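Quick look at what Swiss-Prot annotates:
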{"type": "BINDING", "residues": "LEU24, ARG25, GLY66, LYS69, THR70, THR71, GLU132, ASP133, TYR134, ARG175, TYR185, ARG222", "note": "ATP binding site"}
{"type": "BINDING", "residues": "THR70", "note": "Mg(2+) binding site"}
{"type": "BINDING", "residues": "ARG314, ARG319", "note": "DNA binding site"}
{"type": "REGION", "residues": "1-185", "note": "region 'Large ATPase domain (RuvB-L)'"}
{"type": "REGION", "residues": "186-256", "note": "region 'Small ATPAse domain (RuvB-S)'"}
{"type": "REGION", "residues": "259-343", "note": "region 'Head domain (RuvB-H)'"}
Amino acid sequence: MMNENLDATGENFSPEEFDVERALRPLSFDDFAGQEQVLENLQIFVQAANLRGEALDHTLFHGPPGLGKTTLAHILANELNVGIKITSGPVLDKPGDLAGLLTNLDERDILFIDEIHRLSPIVEEYLYSAMEDYRIDIMIETGPNARTVQINLNPFTLIGATTRSGLLTAPMRARFGISSRLQYYSTELLSGIVERSSDILKVPITQDAAIEIAGRSRGTPRIANALLRRVRDFAQIKGNGKIDIEIAKFGLKALNVDAHGLDEMDNKILATIIDKFKGGPVGITTLATAVSESAETIEEVYEPFLIQQGFIYRTPRGREVTEHAYRHLGRVKGSNQGGLFDN
C-alpha cells in the first residue's frame, strides 16, 4: 500500500489536505523556489505576451509528480492576470466535455489539463483545431439532419501537464510552443520550502530539522510539505509544538521514511528484486504482481526516484538493482539471504 505521505501525485490526499496544500502553494514567480531556468524563461514569455496583449503560447510541463506543474499553471494565470479553468485528461470523455470548457474561456484565459497524456484519441484530435486555429466544429442534431457548425473561440492558452511525456502523440507535442521539464529539487532548496511552509502553518522549526525533512522528501516539494504536516502532528502530541531535530527524526521513523527518503514500498521493491529475482532483470508486470502494486504506480511514483538515486536501472530485459541497493538493504550480492519482506 502506498505511503500517503510520500504520494507525490496527491491522489490520496483528503479534502483537508488539499486545502492545506493550496494554502502552501506559491502564487507568483517571486514565491516559487527552484527550477531556475524554467522560471527565467517563463518570466520572459509572460512579459512578452503581456506587452503584445496576446495569449501565451500553449505550454507543456512534464516531469515527475509533485514538482510544481499545477502550481506553475496557477502562477502563470496570476502573472498574466487571466482566468484559469482546470480539468484532467481522464475526465474529458467526449468532445462535448471539452467544447463546454473552451467556449467559456475569455480572451487570453488558461485551460489547464492535468494528465494530458490520458486524453482519449477523439478528444485529442478535437483539440487540435482549437489549439491551432481557435475554432471547433460542433455537430448539431443527429441522423439525416446532422450538420456541423463551426464556432470561433477566444484566443486562449492550453497548459498541459504530464508525468509521462513519452506517451504524448507527436501531433500533440508539436502544438506546444513552450515545453519545460521540471527536475527534482536539491535538499538545500527543499529545506527553504519547508521553512517557508512552517511559517505559513505557524509551526516553529529549527534549521537542522528542516534539512532533515528535506533530505527525506525524494527531491519533491509536495512530499516535503506532506512530511512537514505529519511531523507537526508528532511535535504537537509527543513534543512541545516545536519541530526540532529529535522530533523530526522520531516522526520520520514512525512514518517509515528512511534516511534516503525511501518508504516501505520502495524498500519492498528493492528487496523483491533481490530476493525473488536474484537482483533482476525482472519485467514491470511481474514486479508489480510480486509487490501487489500497479505497474503504472511503480513507473510513475517509485521508479523515477529509485533510478535517479542509483538503486535500480532499466535494461531491455527488465529492471535490475545496483550495488547501491544491496548495500542499502545490507545484502550480499549472490547470496540467498532472506529479507525483511519474506513470508
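Even glycines carry a Cβ here, placed using N, Cα and C.
In the region 'Small ATPAse domain (RuvB-S)' (186-256), helix, strand and coil residues by DSSP number 52 helix, 2 strand, 17 coil. Of all the Cβ atoms in the protein chains shown, 25 others lie within 10 Å of the Cβ of TYR185 (ATP binding site). Working note on the binding-site residues LEU24, GLY66, THR70, GLU132, ARG319: by count of other C-beta atoms within 10 Å of each C-beta, GLY66 ranks first. In the shown protein chains, 17 other C-beta atoms lie within 10 A of the C-beta of TYR134 (ATP binding site).
ARG314 (DNA binding site) has TYR185 as its nearest neighbour among the binding-site residues LEU24, THR70, GLU132, TYR134, TYR185, going by CA to CA distance. Just so you know, the Cβ of ARG314 (DNA binding site) picks up 13 other Cβ atoms within 10 Å once every protein chain is counted. In this structure the residues listed as binding ATP are LEU24, ARG25, GLY66, LYS69, THR70, THR71, GLU132, ASP133, TYR134, ARG175, TYR185, ARG222; their two most distant Cα atoms lie 37 Å apart. Averaged over the region 'Head domain (RuvB-H)' (259-343), the predicted model has a pLDDT of 89. Assigned with DSSP, the residues of the region 'Head domain (RuvB-H)' (259-343) fall into helix, strand and coil as follows: 43 helix, 9 strand, 33 coil. Reduced to three states, the DSSP call for LEU24 (ATP binding site) is helix. LEU24 (ATP binding site) sits 36 Å from ARG319 (DNA binding site), taking the Cα positions as reference.
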